[in-house]
Amino acid sequence: MTTSPRIGRTTEDYRSAFSYFDVNKDGQITLQELENAMNKCGVHPTKLELRIIMSQMDKDKDGVVTFEEFVQMMRLQERELDMQQQKHTKTRPSNMERPEMRRELLKQFRMFDRDNDGYIYPEEMKRLVLELRLGNAFPIQVIDQLFSEADTDGDGKISFEEFVMAVI
């Protein structure tokens, strides 16, 4: 059982995520399967966005994504996220005052809250992940799980207070 150092992901975790996309179970993800899986999750990328995602994942350029290519991309995205988080941690002063921290968290919250109604909805979270091209590191199933964990009152949306509790 191979484990990714970031969050303890196993090969079985990757296989489960891969099978969500590989509907016909032929061991390959086609552009159509990618589009269908994303649409099923409420994310509707343009054809150009889909081709960009596929080109990033399809290393041998044969028009499909194999499990090995999928895992390689997932691990690359996880490493990039780790580096971004480490960079952010190193540049943030450890003695950040509360008003400064609150402003920073509010800024991050507003990145997700696209309609500025004071709540983050699942669609807003998925859209931002797609726009930042992090969909490979965060399959829709993972986003849904993170969302439900942050939505502590179960009302289908994340308030600023819930967001703060989830990220601190």
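A Cβ is built for glycine as well, from the same backbone N, Cα and C atoms used for every other residue.
Annotations in TrEMBL come from automatic prediction, not curation.
Predicted, not measured: the structure shown is a model, and the values here were computed from it.
Annotated features in TrEMBL:
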- 9-44: domain 'EF-hand' (DOMAIN)
- 45-80: domain 'EF-hand' (DOMAIN)
- 100-135: domain 'EF-hand' (DOMAIN)
- 138-168: domain 'EF-hand' (DOMAIN)
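DSSP states for the domain 'EF-hand' (9-44), grouped as helix (H, G, I), strand (E, B) and coil, give 21 helix, 3 strand, 12 coil. Within its own chain, the domain 'EF-hand' (9-44) has Cβ neighbours under 8 Å at 1-3, 50-51, 53-54, 57, 63-67, 70-71, 74, 78, 122-123, 126-127, 130, 135, 139-144, counting only residues six or more beyond its boundaries. For the domain 'EF-hand' (100-135), same-chain residues at least 6 beyond its ends with a Cβ under 8 Å from one of its own Cβ atoms are 38, 41-43, 45, 49, 52-53, 56, 77, 81, 92, 143-144, 146-147, 156-160, 163-164, 167. A Cβ distance under 8 Å defines the sequence-distant neighbours of the domain 'EF-hand' (138-168), meaning residues of its chain 6+ beyond its ends; these are 16-17, 20, 37-38, 41, 43, 77, 105-106, 108-109, 112, 118-122, 125-126, 129. Sorting the domain 'EF-hand' (45-80) by DSSP state (H, G, I as helix; E, B as strand; all else coil) yields 25 helix, 2 strand, 9 coil. Summed and averaged per residue, pLDDT over the domain 'EF-hand' (100-135) gives 83.
Residue counts of the domain 'EF-hand' (138-168) by helix, strand and coil are 19 helix, 2 strand, 10 coil (DSSP-based).
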